[in-house]
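According to TrEMBL, the protein carries these features:
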- Cys387-Cys396: disulfide bond (DISULFID)
- 46-296: domain 'Laminin N-terminal' (DOMAIN)
- 362-397: domain 'EGF-like' (DOMAIN)
- 1-28: signal peptide (SIGNAL)
Amino acid sequence: MYLSRFLSIHALWVTVSSVMQPYPLVWGHYDVCKTQIYTEEGKMWDYMACQPESTDMTKYLKVKLDPPNITCGDPPESFCAMGNPYMCNNECDASTPELAHPPELMFDFEGRHPSTFWQSATWKEYPKPLQVNITLSWSKTIELTDNIVITFESGRPDQMILEKSLDYGRTWQPYQYYATDCLDAFHMDPKSVKDLSQHTVLEIICTEEYSTGYSTNSKIIHFEIKDRFAFFAGPRLRNMASLYGQLDTTKKLRDFFTVTDLRIRLLRPAVGEIFVDELHLARYFYAISDIKVRGRCKCNLHATMCVYDNSKLTCECEHNTTGPDCGKCKKNYQGRPWSPGSYLPIPKGTANTCIPSISSIGTNVCDNELLHCQNGGTCHNNVRCLCPAAYTGILCEKLRCEEAGSCGSDSSQAASPRGSPALLLLLPPLAALLRTAGPLAL
């Protein structure tokens, strides 16, 4: 009996040791998201937070107009030329491709001439307001990385609001107000982003900068993401570590640049004068030739890839996480509460890997249900990883030279076994076995 208890204690201790082995480095920095770089000191590993690359997000959105029949051309109608508001012999006809202006033309390739554009019906029902909501939806949380740019083919609107949603369109918050007269339109004093600071960067402002009438050099409206980044990263965005530190520690700032949906509310078309010319209502409409939204999938710093499959964006999660945003721990890896990855400490960050549950320790570590072996390791009998000579750890995730302190890694990143969550989880059953074992007689 004593021998069997001894063997049980020994087996549990071996399990504790093997579970602890890979985690100090994985908790300390991003072992998965590292790349080799060449410096004056030679070849080194560069660690970084796991996040997908920034890309053109308009390739993945769905657009909805409200009212749905606001696009011109059904029935066909005439409108005035945008360069000459009194030449009103242009025609919009939805049944003729050359004369149609459907909403998808806001997102097509703009490298040819003449430009293609979406266009609304004209203001023929004046004085009833001519208002349009353009909703852009991703069915996925995304993080904005560059300015939102809207290019108008008509005059820029006299009044407009850009809104965002963080809950897939259930609720909306204003991002920025645009008007030729902010005080009259929205009871707000006009400001520009240059009037803000680190402490007021989340302030919702009204700007008159982008609301002039039509001219060939004033077609564009911006929502300035980079100017807000610059309050933390410097005017040329060279100090990104400072920005990442702020994003990591300030949830409101991180949420400010995060959206699931955007909504462009066109409230009043460009009039150009104090009064609307009721004899030439075909002068007034909205036309947008291009919308640019650049960003990345939000994966909570647990993925480097985001795939688009079946009209849906999904993160390819690392660190034993799962879900569309890598927002929870995988089955059998709930040994501690899920946590997003961290940019801190700069530059290596903290991966906050999900760790095995007590009930799963000793089960398969490299089958299809769980993680695959890393760095060229091979799975042996769906139970353990056989690692190349240069790697060690349960999943071959750890460089042997790092363990020996001979490849430039920071040994201070290694966590003390005493503080290891995996060890803390396993100590109670180990202690219980020791209490019941009594003196060992072999």
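Cβ atoms here come from the backbone N, Cα and C positions, even for glycine.
Note on the domain 'Laminin N-terminal' (46-296): mean pLDDT across this stretch is 91. When other Cβ atoms within 10 Å of the Cβ of Cys387 (disulfide bond) are tallied across all protein chains shown, the result is 21.
For Cys396 (disulfide bond), the same-chain residues that are 6 or more apart in sequence and have a Cβ closer than 8 Å to its Cβ are Cys373, Gln374, Asn375, Gly376, Gly377, Cys385, Cys387, Pro388.
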